[in-house]
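Step one of this worksheet: look at the structure below.
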Amino acid sequence: MPALSPTMSQGNIAKWRKKEGDKINVGDVLCDIETDKATLEFESLEEGFLAKILVPEGSKDVPVGQPIAITVEDPDDIKNVSVPAGGGAEVKEETSEKRIGNEEKKQQTSSLKTNTAELPPHFVLGMPALSPTMSQGNIAKWRKQEGDKIEVGDVLCEIETDKATLEFESLEEGFLAKILVPDGSKDVPVGQPIAVTVEDPNDIESVKTSFSGDRMLQEDKPVRHDPTPKTKAQKTSFSRISPSAKLLILEHGLDASSIPPSGPRGTILKGDVLAAIKSVIGSSKISSSKEKQTPSPPVKSQTASPGLSGLKSTLPQADAYEDLPNSQIRKVIATRLLESKQSTPHLYLSSDVILDPLLSFRKELKENFDVKVSVNDIVIKVVATALRNVPEANAYWDVKKGEAVFSDAVDISIAVATDKGLMTPIIRNADQKSISAISLEVKELAERARAGKLKPNEFQGGTFSISNLGMFPVDHFCAIINPPQAGILAVGRGNQVVEPVVGADGIEKPGIVTKMSLTLSADHRVFDGHVGGAFLAALRSNFSDIRRLLL
């Protein structure tokens with residue numbers, strides 16, 4: 001049972017839109033759920049098949065988090081899915097555990113307040129679950145500030161999940177009294193309080209001053225203090241040491257008991273050790289400058305600070321780099337790319353195409369019809385048409401079945417670089433759309449991708465990808481396949497070259513032509529040499545006669 005609003009703790013199953021055995025696509029409405037505010041649609045974010053409905057229509061007061069249905073990826077697995085004997089008890093067991101967890105969360109929430117009985121009416125907003133798979137999120141930006149009026153539907157903040165950056169809308173009127181989790185906060189668990197609202201603007205100051213949000217932030221995200229010689233001399237209590245921190249401590253001969261821990265449960269982290277090393281360097285520089293000012297007879301002395309001996313060559317390297325935290329999107333991209341290279345047998349095929357017919361056609365559209373399209377827009381249409389002509393290339397590998405599955409639709413994913421990582425919005429049914437329609441859709445999707453406003457169904461799925469670096473001085477490159485797709489086309493820049501050209505009189509003469517390099521990265525389980533060659537041949541044919549795309 002999803003949490004469809006920040007205040008929702010339970011809901012009623014009003015109606016199931018899908019039946020057991022039905023195919024589910026991204027964006028399909030699974031059921032209508034009645035909350036304390038309204039009846040809302042529960043949309044699917046994954047493809048698959050509805051194998052079992054655990055909570056039938058008309059069920060009342062179903063707690064958030066209780067299992068209501070089971071889905072599978074393979075329709076053949078539906079018959080194997082069944083609720084085991086005593087399943088109801090197991091569900092009740094899980095529900096009771098979740099209720100205990102909710103009670104603990106409530107206790108934690110109540111501990112954040114000071115003299116709650118004396119506080120005016122207020123409401124604590126928790127980190128919402130903006131997708132079924134979301135367990136934590138990052139606060140990208142607060143749209144409302146403390147003291148602002150809030151209307152129903154107003155965007156309170158932007159939350160970065162593992163899929164995209166989504167807007168958190170308010171379902172209540174009121175005023176934002178206190179922000180508990182500021183901009184840029186990372187890995188905030190679902191349910192953790194992030195803000196406090198009130199109904200009366202006169203209550204803002206009393207709630208703001210009384211609500212101990214700072215204590216919560218210190219518990220969840222310990223503040224790291226730069227160790228000073230004074231704190232270095234004191235012994236600190238720690239319970240754990242991270243592996244990287246342990247290596248640094250052994251390498252530099254530091255005393256672990258003198259390093260203040262900043263990690264959870266008193267764990268000494270790598271950053272704590274580096275900060276301690278910096279403080280040692282700083283104190284040694286100060287002492288050396290004092291020694292230069294007051295000359296004294298040469299006396300051998302032992303350094304009081306631990307770990308300084310033998311570190312002259314290695315310590316400066318501690319400042320030679322900076323750790324940059326990854327966004328949730330970049331973490332997912334890194335994982336998927338690694339999985340792709342490790343589990344997908346990549347086949348690479350390259351070919352050069354003559355770009356002059358495309359450039360002439362683009363110029364003609366602009367001059368005669370005032371239609372402005374980019375080279376990439378036409379490339380998308382060329383690729384989509386080639387996939388339609390070679391349907392074997394428009395397929396993916398089904399791991400469970402151990403065979404290639406052909407896709408009916410030609411959905412092209414285009415790589416768009418954003419500040420938060422590479423996004424791949426999808427042009428659905430690109431083979432059936434005109435070049436001008438593709439151009440308008442690409443501009444809109446790219447703009448929304450850079451702003452982090454893409455919906456899940458706009459970047460999940462796709463049957464083939466295009467990565468175009470033609471705007472950079474890149475002649476050719478090999479792209480990594482985006483699973484579960486089986487192919488991606490890498491497009492380089494156009495270069496003018498001199499080569500033999502057959503004239504109208506049938507005689508070869510040297511001529512200048514514009515050539516562009518195309519490199520196909522294909523899943524060798526789906527593409528063999530014949531299919532890959534046929535696909536590249538179709539591409540070359542489309543590039544040589546661009547007008548055939550209008551048919």
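Keep in mind that glycine also has a Cβ here, set from the backbone N, Cα and C atoms.
In TrEMBL, annotation is done automatically, which means it is predicted and not curated.
What TrEMBL lists as compositional bias 'Basic and acidic residues' is 90-107, 216-229. Residues annotated as compositional bias 'Polar residues' in TrEMBL: 299-312. Annotation source TrEMBL lists domain 'Lipoyl-binding' at 1-72, 122-198. For 240-277, the entry in TrEMBL reads domain 'Peripheral subunit-binding (PSBD)'. If you look up TrEMBL, you'll see 79-112, 210-239, 285-312 marked as region 'Disordered'.
Looking only at the domain 'Lipoyl-binding' (1-72), the predicted model's pLDDT averages out at 86. Note: the domain 'Peripheral subunit-binding (PSBD)' (240-277) comprises 21 helix, 4 strand, 13 coil (DSSP; helix = H, G, I, strand = E, B). DSSP labels the residues of the domain 'Lipoyl-binding' (1-72) in these numbers: 0 helix, 32 strand, 40 coil.
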